[in-house]
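Everything on this sheet refers to the single structure shown next.
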Amino acid sequence: MVFKTIWIERYRKLINLFRALASCHGSNLDVEKPVVFKEDAASFGQTVVQFGGSRLVVGAPLEAVAVNQTGQLYDCAPATGVCQPILLHIPLEAVNMSLGLSLVADTNNSQLLACGPTAQRACAKNMYAKGSCLLLGSSLQFIQAIPATMPECPGQEMDIAFLIDGSGSIDQSDFTQMKDFVKALMGQLASTSTSFSLMQYSNILKTHFTFTEFKSSLSPQSLVDAIVQLQGLTYTASGIQKVVKELFHSKNGARKSAKKILIVITDGQKFRDPLEYRHVIPEAEKAGIIRYAIGVGDAFREPTALQELNTIGSAPSQDHVFKVGNFVALRSIQRQIQEKIFAIEGTESRSSSSFQHEMSQEGFSSALSMDGPVLGAVGSFSWSGGAFLYPSNMRSTFINMSQENEDMRDAYLGYSTALAFWKGVHSLILGAPRHQHTGKVVIFTQESRHWRPKSEVRGTQIGSYFGASLCSVDMDRDGSTDLVLIGVPHYYEHTRGGQVSVCPMPGVRSRWHCGTTLHGEQGHPWGRFGAALTVLGDVNGDSLADVAIGAPGEEENRGAVYIFHGASRQDIAPSPSQRVTGSQLFLRLQYFGQSLSGGQDLTQDGLVDLAVGAQGHVLLLRSLPLLKVGISIRFAPSEVAKTVYQCWGRTPTVLEAGEATVCLTVRKGSPDLLGDVQSSVRYDLALDPGRLISRAIFDETKNCTLTRRKTLGLGDHCETMKLLLPDCVEDAVTPIILRLNLSLAGDSAPSRNLRPVLAVGSQDHVTASFPFEKNCKQELLCEGNLGVSFNFSGLQVLEVGSSPELTVTVTVWNEGEDSYGTLIKFYYPAELSYRRVTRAQQPHPYPLRLACEAEPTGQESLRSSSCSINHPIFREGAKATFMITFDVSYKAFLGDRLLLRASASSENNKPETSKTAFQLELPVKYTVYTVISRQEDSTKHFNFSSSHGERQKEAEHRYRVNNLSPLTLAISVNFWVPILLNGVAVWDVTLRSPAQGVSCVSQREPPQHSDLLTQIQGRSVLDCAIADCLHLRCDIPSLGTLDELDFILKGNLSFGWISQTLQKKVLLLSEAEITFNTSVYSQLPGQEAFLRAQVSTMLEEYVVYEPVFLMVFSSVGGLLLLALITVALYKLGFFKRQYKEMLDLPSADPDPAGQADSNHETPPHLTS
């Protein structure tokens, strides 16, 4: 229990905190102390209406007041919080009317209309719901019922044909009894909508009167009296066929829309009839004829006779077949037949019409127009719906789309009702939420005393109930309707349910369309937002009407109410200004927001109130008083003096900048009866808000912020505070900003408990500027004198490709007065891009502040960058040096010279001079990376012999040229090849070059040295130093990136010249070199060696010997060597046999057993 008490207390504190925060943010309804009305009556709060400026009328339509009487109205007094039931004279015929299901008051509070659309009336066995309303006066006294009386029971059109048996089996007296029965039944069923006809049958079929003759007869009873019995056989089936084909025909007065009823009276089975029932009865069924069969006498005790009687009557037989013992007993079944026939009234058949107004439920919605009460009749014409207008003469006018409009079937037109006055024309607006399952709203106007549809707008989502609620709004209170709110409470989205469409009134010839759509809070898919709508009045002081919208299904049916402010004459603000929930007021409140009524001052405080219905409760929420606050700030002096903020070069001290005076003017934002209103005001002051470091501070707080809390009444309230400068000011161009943010927490007014809030248009923040005095001879105009120059930081040539950056050293100076917004702009080719800026390592009397950025120029070939210098002020006599660096693309093409321009400007608007513009050019080269290399498949070695007369062989030297640079360039490839040595041919060479675009020329060049033997000693190399050479030059005008070209030096290499060198081995050397325009290109640094290449071929001479002499000499030598070896071996005893002697010698090794084997035998092949 203690825990529960603590939890409730915390909950209350949390609610109060939320209420205080809501008040600070401009809520317009008081939720702290609402006026609460509570009754135990069933459905109390289902409807509510403000009436007479001092009372609430609340409906409880399900309250059982008495037998056959439901619905009660309550008169609730806001001053006491007490409700009293209103005693009314309810018409006796208004059975169970659900009084109060709709409530509406007229605009001048002189009349109130309370309706009960379920008022019932019994007609035979049918219950019709016609509806009924009560018109009440200004004192809630009964004036009249509308309609004045309940309408008579509807008369169903019926064509009733009698087929009576006139055969000879019936006595004359019984035949007379049968005629009396027919006359009595005609009397009971007679009405303006019922017609009769009669045919007698035996074996003769005779029509006594048709429907036409019956209608034209002045005495219908005499038509029956004149009938004479035919006598004869019984042709019952033939009689039925004749009735179907002839009597129920339009030529005899039968009506297509009428129900067709046939009453057959017979005393027995058919006899000798040529027709069978199986041929006749289907024809009657097809014609939609309801058949009643009456059997008279004992004949029908037989099963076959009874079966025939059941065949004549319609199914089921228990409802359509009657048996009596004699003709006198016919009277006993008159009432039964009458009830059976009356029971079919109001039902539909294939040939009958639908309901008209029997189930109209008049008063489902209602309005009080200039012409009289308007009652929505949703059930008229099979729930197509419409509305009844009851003028003073009480001759009602039914307003609908069309009685035969199938498109309106089950549309529920009249489910909601609203009035509009637009362009001098009174209009009626009706909602049809079930039209085509999506709903629509129709505007009706009166033309030539007929109400006709003028404009309509349709819903989009099936089942959304578009048009379930309507509210016409006069936004500017000029008496003319500006827009209509259309509730769509069952519109479904994943996170919220219901919406309201804001639809401005249509033009004369334009279509009606809706603009803004209002939604409730996310998280309530079954919220039914838009179930109730009302005009609240102007609660925020902007002279535009505000509206309240109920969402009774939010928060698990606890409910909520939203307040939306008017945005313009034709629109509502899309976001709510306040949301009041049922749980915020009472923990157990249910369906809060199911009904709404606003626009009147019921609490007599001069402010409009909002009545909100809930289940068993009605709450009156008062609007809060409005205050408008004006704010002004002024400074003294009007500028910060130069002597205060210019302190460079001296020790900084805190100096007084001036004073700021803040004035608040508090006045009422709307008229009320609350007298003087106190308000708790808090305002926060901030100096230089948004700056990292503020240039000024408050003397009181020694920082840049100051907060004040005061309780103020109506009038002017001022305060002055001192401002200080804590440091030297760099930015003396932009004024010091003082911003004030104000919040209002109004104190409760005496005896009213209402806290004022800020009205729309009140100042809750203001910004003021405190400028600096300018350092100028002429006030407001400074004469700066800027100059700019730069150099390329010692760079002589820009080599594109090897120099990725270009650094420019810039000097800027000001020889005049302070320069404001000093800007240096650089213009350079588009191939360069701004990289960074760096301060020079030089002392400055003022801190140097640089900020550079690239800027568009609008030209593809030109780029620009700008640098602000000491923004905002470049002081008098100041000088700044800095380096700006640009990225140079390795693919850049800048021509042969780079042009860089710079200009200095400021906000002083001084014209450009020769010092403010500077330009400089820098030579440009392009770094390339070209390679020439030898190929491995060149001829590397030749062996030759002079004695055999070898004079020449074919040799190849192969070279490959590659362009590894990103540029396409023009180059030349040079080859040097030895071709003569002292007049002797060396190499008859030709050059095979790539075919496309390569042209080659050649020339002969003499040797560099003439002393052949001296130069070749130790080198053994034949090159252009000692031989005549062929110089080949191939020009390549365009060598693309990554292109490669192959060159082949090929020809017959002679050997006759080698003898001049006195060498056995000589290295033949060719050379190649790449050349290009060095004023445009330069080889990549460190890669110069790849511009040259050599290919060598080793030439080696060998001696050839005679083979015969060699063979003879080798043979003789071999034989002599063999003889010498043989003699030597002989002398050494190699050819003597010593084995036998070895056997004869005693064994050197004794027998291991100590004695020789006596039985040992010498092998036979070793004996002598």
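Here the Cβ of each residue, glycine as well, is placed from N, Cα and C on the backbone.
From a predicted model like this one, the values you see are computed outputs, not experimental measurements.
Listed in sequence order, the residues of the same chain lying 6 or more apart from Asp474 (Ca(2+) 1 binding site) and placing their CB within less than 8 Å of its CB are Ser480, Thr481, Asp482, Val535, Ala545. In the three-state DSSP classification, Asp474 (Ca(2+) 1 binding site) falls within coil. The Ca(2+) 1 binding site feature in Swiss-Prot is assigned to Asp474, Asp476, Asp478, Asp482; the stated evidence is similarity to another entry.
The number of other CB atoms found within 10 A of the CB of Asp542 (Ca(2+) 2 binding site), across every protein chain shown, is 17. Marked as Ca(2+) 2 binding site by Swiss-Prot: Asp538, Asn540, Asp542, Asp546.
In the three-state DSSP scheme, Cys76 (disulfide bond) falls into the strand class. According to Swiss-Prot, the disulfide bond annotation covers Cys76-Cys83 (among others).
What Swiss-Prot records for Cys115-Cys133 (among others) is disulfide bond, and it gives similarity to another entry as the kind of evidence. Under the three-state DSSP scheme, Cys133 (disulfide bond) falls in the strand class. On its own chain, Cys133 (disulfide bond) has Leu113, Ala114, Cys115, Gly116, Ala145, Ile146, Glu362, Gly363, Ser366, Pro373, Leu375 as residues at least 6 apart in sequence with a Cβ closer than 8 Å to its own Cβ.
Per Swiss-Prot, the feature disulfide bond maps to Cys663-Cys718 (among others); the stated evidence is similarity to another entry. Counting only same-chain residues at least 6 apart in sequence, those with a Cβ under 8 Å from the Cβ of Cys718 (disulfide bond) are Thr661, Val662, Cys663, Leu664. According to DSSP, Cys718 (disulfide bond) is assigned to a strand segment.
Applying an 8 A CB threshold to same-chain residues 6+ apart, the list for Cys782 (disulfide bond) reads Lys774, Asn775, Cys776, Gly816, Glu817, Asp818, Ser819, Tyr820, Asn908. In the three-state DSSP scheme, Cys782 (disulfide bond) falls into the coil class. According to Swiss-Prot, the feature disulfide bond maps to Cys776-Cys782 (among others).
Cβ neighbours of Cys852 (disulfide bond) (same chain, under 8 Å, six or more residues apart in sequence): Tyr834, Arg836, Val837, Ser865, Ser866, Cys867, Ser868, Ile884. Residues or ranges marked as disulfide bond in Swiss-Prot: Cys852-Cys867 (among others).
For Cys1000-Cys1024 (among others), the entry in Swiss-Prot reads disulfide bond, with the evidence type similarity to another entry. In sequence order, Trp976, Pro978, Glu1005, Pro1007, Gln1008, Glu1071 constitute the residues six or more apart from Cys1024 (disulfide bond) in its chain with CB-CB distances below 8 Å.
For Cys1029-Cys1034 (among others), the entry in Swiss-Prot reads disulfide bond. Sequence-distant contacts of Cys1034 (disulfide bond), defined as residues of its own chain at least six apart whose C-beta falls under 8 angstroms from its C-beta, comprise Ser972, Val973, Asn974, Phe975, Leu991, Ser993, Val998, Ser999, Cys1000, Phe1047. In the three-state DSSP scheme, Cys1034 (disulfide bond) falls into the strand class.
Feature annotation from Swiss-Prot assigns N-linked glycosylation site to Asn68 (among others); the stated evidence is sequence analysis. In the three-state DSSP scheme, Asn68 (N-linked glycosylation site) falls into the coil class. For Asn68 (N-linked glycosylation site), the count of additional Cβ atoms within 10 Å of its Cβ stands at 14 [all protein chains shown].
According to Swiss-Prot, the N-linked glycosylation site annotation covers Asn96 (among others). A C-beta separation below 8 Å, combined with a sequence spacing of at least six in one chain, links Asn96 (N-linked glycosylation site) to Asn68, Gln69, Thr70, Thr118, Ala119, Gln120.
Secondary structure at Asn108 (N-linked glycosylation site), as computed by DSSP, is coil. The Cβ neighbour count for Asn108 (N-linked glycosylation site), using a 10 Å radius over every protein chain in view, is 8. According to Swiss-Prot, the feature N-linked glycosylation site maps to Asn108 (among others), an assignment based on sequence analysis.
For Asn400 (among others), the entry in Swiss-Prot reads N-linked glycosylation site, with the evidence type sequence analysis. DSSP assigns Asn400 (N-linked glycosylation site) to coil, not to a helix or a strand. Listed in sequence order, Ser380, Phe381, Ser384, Gly385, Gly386, Ala387, Met408, Leu413 are the same-chain residues at least 6 apart in sequence whose CB falls under 8 Å from the CB of Asn400 (N-linked glycosylation site).
Per Swiss-Prot, the feature N-linked glycosylation site maps to Asn703 (among others). DSSP assigns Asn703 (N-linked glycosylation site) to coil in the three-state reduction, placing it in neither a helix nor a strand.
Under the three-state DSSP scheme, Asn741 (N-linked glycosylation site) falls in the strand class. Summarising the environment of Asn741 (N-linked glycosylation site), the number of other Cβ atoms within 10 Å of its Cβ, over all protein chains shown, is 16. For Asn741 (among others), the entry in Swiss-Prot reads N-linked glycosylation site.
In sequence order, Val808, Thr809, Leu920 are the residues of the chain that are 6 or more apart from Asn791 (N-linked glycosylation site) and have a CB within less than 8 Å of its CB. Swiss-Prot lists Asn791 (among others) with the feature N-linked glycosylation site.
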Check the Cα-Cα distances from Cys83 (disulfide bond) to the recorded positions Asp476, Asp478, Asp546, Cys1029 and tell me which is shortest.
Asp546
Who sits close to Asp538 (Ca(2+) 2 binding site): which same-chain residues at least 6 apart have their Cβ under 8 Å from its Cβ?
Arg477, Leu544, Ala545, Asp546, Gly566, Val608, Ser670
Which entry in the list of binding-site residues, Asp476, Asp478, Asp482, Asp546, has its Cβ near the fewest other Cβ atoms, using 10 Å as the limit?
Asp478
Just give me the nearest neighbour of Cys76 (disulfide bond) among the recorded positions Asn108, Asp476, Asp478, Cα to Cα.
Asn108
Among all chains shown, work out which of the disulfide-bonded residues Cys76, Cys83, Cys115, Cys663, Cys1000 has the most CB atoms within 10 A of its CB.
Cys115
So which of the recorded positions is most packed in, judged by how many other Cβ atoms lie within 10 Å of its Cβ, out of Asn540, Asn703, Asn943, Asn1052, Asn1077?
Asn540
Looking only at Cβ atoms, how many others are within 10 Å of the one on Cys776 (disulfide bond)?
17
Restricting the comparison to the recorded positions Asn108, Asp478, Asn741, Asn943, which residue's C-alpha is spatially nearest the C-alpha of Asp542 (Ca(2+) 2 binding site)?
Asp478
An 8 Å radius from the center of the Asp474, Asp476, Asp478, Asp482 Cβ atoms defines the neighbourhood of the Ca(2+) 1 site; name the other residues of that chain inside it, in order.
Val473, Met475, Arg477, Gly479, Ser480, Thr481, Ala545, Arg569
Which residues of the same chain, at least 6 positions away in sequence, have a Cβ lying under 8 Å from the Cβ of Cys1029 (disulfide bond)?
Trp976, Val977, Pro978, Ile979, Arg1004, Glu1005, Pro1007, Asp1023
Per DSSP, to which secondary structure element type does Asp546 (Ca(2+) 2 binding site) belong, with helix, strand and coil as the options?
strand
Within 8 Å of the Cβ centre of Asp538, Asn540, Asp542, Asp546, which other residues of the chain have their Cβ, at the recorded Ca(2+) 2 site?
Asn28, Gly537, Val539, Gly541, Ser543, Leu544, Ala545, His565, Gly566, Val760
